[in-house]
């Protein structure tokens, strides 16, 4: 809550321990409980198929391995020596842990080889394919690229809005007014952004959760003051709004017509960006509300600015709408 620039910190990724995985997904430890402090470093999962037949060309290191009924059935129907050799070759690929599914609570030969490699064996009674979806979603979230950005994140008319600006531009005061007007705070000051698929999600540092610093008032607990309906834990970021103080406005070009579609690259995702000049007497909260409502209209195919320009130019001279846009701007 000190004076900070808007630039985001270096992109990072998390690591999770096998113990955390087991606790979060409610997995039972079958063997190797003393090795649960090992880390999982990949979101990819292997369900061995051709690998059990000795084809390892596309097998990747450091992946969790899933064994269901089909895999265990295959292992049961080959000779002991071949079974031992296949499992030994599989586990050479730095497998962090093995998960048994489909009510296959244990398979002694597999457990014996896993123990020799210090690989924990876990168990779930969930169906293999259903569990694979849950595990993949869990790992994708945990290993999603992550960045820290300074600003204030709110949900306004069901859209995630990240407000940025230098210290003194009124980010927190604007956020407080927007919350008072019925919108929801996600976090203030330090916004953790995570890329999941083609979307960017923002959430708060646990220490700063639901708090806003307002100059002259100090730290305010928004949830305690406005109720639980005024806050949410996480929100997909749809729009970034940059507040520009009067001292910096000469360095920026402001769209007078509303036709430009500026973008901000966040971890490879292009987010819509709107630049708003801050001046004494302007109600920034209302301007942001209108900007979000207007953006919603645009996404529904109704561009008020373009319709106005087209209508105006048709009266003057048919065609070349962009020419009049350039003249007015």
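Using the three backbone atoms N, Cα and C, a Cβ is placed for every residue, glycine included.
Counting Cβ atoms from all protein chains shown, residue 150 (active site) has 22 others lying within 10 Å of its own Cβ. Summarising the annotation, TrEMBL assigns active site to 150 (among others).
Positions annotated as active site by TrEMBL: 171 (among others). In the three-state DSSP reading, residue 171 (active site) counts as helix. Under a cutoff of 8 A between CB atoms, and with a sequence separation of 6+ in the same chain, the neighbours of residue 171 (active site) are 151, 152, 163, 164, 165, 188, 243.
Classification of residue 189 (active site, proton acceptor) by DSSP places it within a strand. Residues or ranges marked as active site, proton acceptor by TrEMBL: 189.
The active site feature in TrEMBL is assigned to 256 (among others).
Neighbours of residue 169 (ATP binding site), defined as other CB atoms within 10 A of its CB across all chains, total 20. Residues or ranges marked as ATP binding site in TrEMBL: 165, 166, 167, 168, 169, 170, 171, 172.
DSSP gives residue 213 (Mg(2+) binding site) a strand state. Residue environment of residue 213 (Mg(2+) binding site) contains 15 other Cβ atoms, counted within 10 Å of its Cβ in all protein chains. Taken from TrEMBL, the feature Mg(2+) binding site applies to 172, 213.
If you look up TrEMBL, you'll see 16-139 marked as domain 'HPr(Ser) kinase/phosphorylase N-terminal'.
Residues or ranges marked as domain 'HPr kinase/phosphorylase C-terminal' in TrEMBL: 142-310.
Here the region 'Important for the catalytic mechanism of dephosphorylation' (277-282) is broken down by DSSP into helix, strand and coil counts: 0 helix, 1 strand, 5 coil. The region 'Important for the catalytic mechanism of dephosphorylation' feature in TrEMBL is assigned to 277-282.
Listed as Cβ neighbours of the region 'Important for the catalytic mechanism of dephosphorylation' (277-282) (distance under 8 Å, sequence separation of 6 or more from its ends, same chain) are residues 165, 169-170, 243-246, 249, 252, 254. For the domain 'HPr(Ser) kinase/phosphorylase N-terminal' (16-139), the model's average pLDDT works out to 93. Close to residue 189 (active site, proton acceptor), meaning Cα to Cα within 10 A, are the following recorded positions out of 150, 166, 170, 172, 213: 150, 172, 213. Residue 168 (ATP binding site): 12 other CB atoms within 10 A of its CB, across all protein chains. Between the binding-site residues 167, 172, 172 has the most other Cβ atoms inside 10 Å of its own Cβ, all protein chains included. Distance between Cα atoms for residue 168 (ATP binding site) and residue 150 (active site): 13 Å, as a whole number. Cβ neighbour count for residue 170 (ATP binding site): 20 (other Cβ atoms within 10 Å of its Cβ, all protein chains included).
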